[in-house]
Each structure stands twice: as C-alpha cells, then as structure tokens.
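Here is what Swiss-Prot says about this protein:
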type     : residues : note
TRANSMEM : 21-41    : transmembrane segment
TRANSMEM : 57-77    : transmembrane segment
TRANSMEM : 104-124  : transmembrane segment
TRANSMEM : 129-149  : transmembrane segment
COMPBIAS : 179-193  : compositional bias 'Low complexity'
REGION   : 179-202  : region 'Disordered'
TRANSMEM : 225-245  : transmembrane segment
TRANSMEM : 265-285  : transmembrane segment
TRANSMEM : 294-314  : transmembrane segment
TRANSMEM : 322-342  : transmembrane segment
C-alpha cells in the first residue's frame, strides 16, 4: 500500500464519493477502474485479490473513505437526523412510538441490524472471494438487471392497479352488501423528517412481492424494513449497489422514487459510517504508515463529491427513475466482463 500515490488517492476518492451514492456500486468501480487502467493501478487490485492478510490494504483505504461519505450524508440530512435522533431518544424515555419521526427512527434500526450482523460476519470473506475484476463486472451486470427488473415490476403493478380501479368505476350498480372495512394503519398527522406531512390513514398493503398502493415512508412495517436491511447485505459483493438494491426494495413495497431514495440514504449513513470507523484503527497503526496524507486527500475529495452527488440525486429522483443507471450498469458490466474474461 506504500505505492499509493496522491494522484491515485485523489482519483479513487472522487470515484468513491460519486459512486457510493449513485446506484452503480462504489466497490465495483473501485475494483474495475484500477484494473482497466493497468500498471501500478492494476497492482492495487492484484494486492486486494491476494487475500493473504486480515484485510486488503487497498480496500482498507477505500473503506476508510467511507467516513467522509458518511459525514457528507450527515451534513446534507442534518435536519432529518436531528429529528430522528431526538425521536429515538424520546421513545427510549417514554417507551412509546407516537409520531412518524419516532416510527422512522425504529424503521432505520430494524433495517440496520441485519446488515450490521451479517456484514461483521461475512465482509472479509465476501471481499476476499469476490472483489476481483471479473467477479465485479459480473455483479455490476447483475446490478443493472436488478434495477431494471425493479422498475418494470413496479410499473406493471401500477398499471394493474389503475386497470382494476377503472374496471371498478365502470361496473354497473349492484345490490349493496355489508362488508368489513379495509384495514388501515393509523398514523398521526405530523411532519415526517424532511418537513412533509403524513397522511392520517393508509390502506394496509396486501401480501406479495410488489405493493401497488403508493405509501408514505413511515407506514412501512418493521419486518419490511428488516427485509430491506437484508437486501443491503448484497452490497458486500463488489458490483452490487447498496443504494440501488435498497431503492428497488423500497419501490416494491410501495414507496415512490423520492421516498425510496431518501430511505436508502438514511439507511446508508450508519452502515457506511460504521464500516469506515472500523477501518480507522488500522489506518492509524503501522498499516497506515506512508499513506495518511493520501487518505486525508482522498477523504476530502470523497466528501465533497458525495455531498454534490446527494444533492443531485435527491432532486433527480423527484421526477425520474433508476432506468438510466440500470442501462449504464448493464453496458459497463457486459463490456468489462468481456474484457476480463479474455485477459
């Protein structure tokens, strides 16, 4: 790792800051780009793939940049996190969940616990086995397929729901029957994190993979949040995007793109921060000798790039979808697969 130059640190920091939050896999790009450039850059990936230490020095450096990315997330969503943390502490004191902010706090906890446990147990194994150029290219292609499939499933579900509603309106009048009212999930009319008011009642979703009804973030069930958290563990595979996989899971459970992206970014904050903090002791010890300046430079660039990326993506997902990112992952993954398969 002593061969890491300031140029390499800056480029990798920029790459990390952008791709960590775009649904295109930061780890996959951190493996593929150096391998494509070759030379001393290729050596970084070769060193990573050797797996003969407790952790690859290169991946230790990359994960160390996560602290800067997490700080960017905390700064951008500072008002959200202030509300969520206050709400969480209030529930610990009162032992009741009464507001949308309090519910969101526990949804984040429910989604973070699974990835925390599995990540601690399997991170080293997964990254030693799969953080290689060909594997990263294959998983990047798979990431594109997941994003595209999620968008198509969501669109078909909405179309079916619209067809059923139109058919119901067109049906002739019938003898009225007394039937039970649909179950509702009561929620208080409060401002959710971000300042948006929540609905007073939301129809409870039916079972199944895809929920066709549009739902607000704070109406997710805790088990649904836990499943979304389990989806995050796929991001241990270089090429699978954490933000992409959690957004797809949110879309399938009825969230719109804006709420799915917001929940994804909120979930990413504690996970990315914890991953970075776990690696900081290694960088502060002998393993960091000769590269601490490079880490600082990379972290500064990663933090700035991450903040700008969040700002762009929050606005982007107000009106747009994951489809362009899916196409990018499919094309890039396929080209890289061919490149490294014949190398």
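Each residue, glycine too, has its Cβ placed from N, Cα and C.
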Sequence-remote partners of the transmembrane segment (129-149) [C-beta within less than 8 Å, at least six residues beyond its ends]: 23-25, 27-28, 31-32, 35, 45, 48-49, 51, 56, 59, 237-241, 244-245, 248, 322-323, 325-334, 336-337, 339-341
Distant-in-sequence neighbours of the transmembrane segment (104-124), which means Cβ under 8 A and at least six residues beyond its ends: 54-55, 84-85, 87-88, 91, 97, 192-193, 217-218, 220, 222-223, 225-226, 228-230, 232-233, 236, 263, 266-267, 270-271, 274-275
Recorded stretch that, among 21-41, 225-245, 322-342, has the most CB pairs under 8 Å to the transmembrane segment (294-314): 21-41
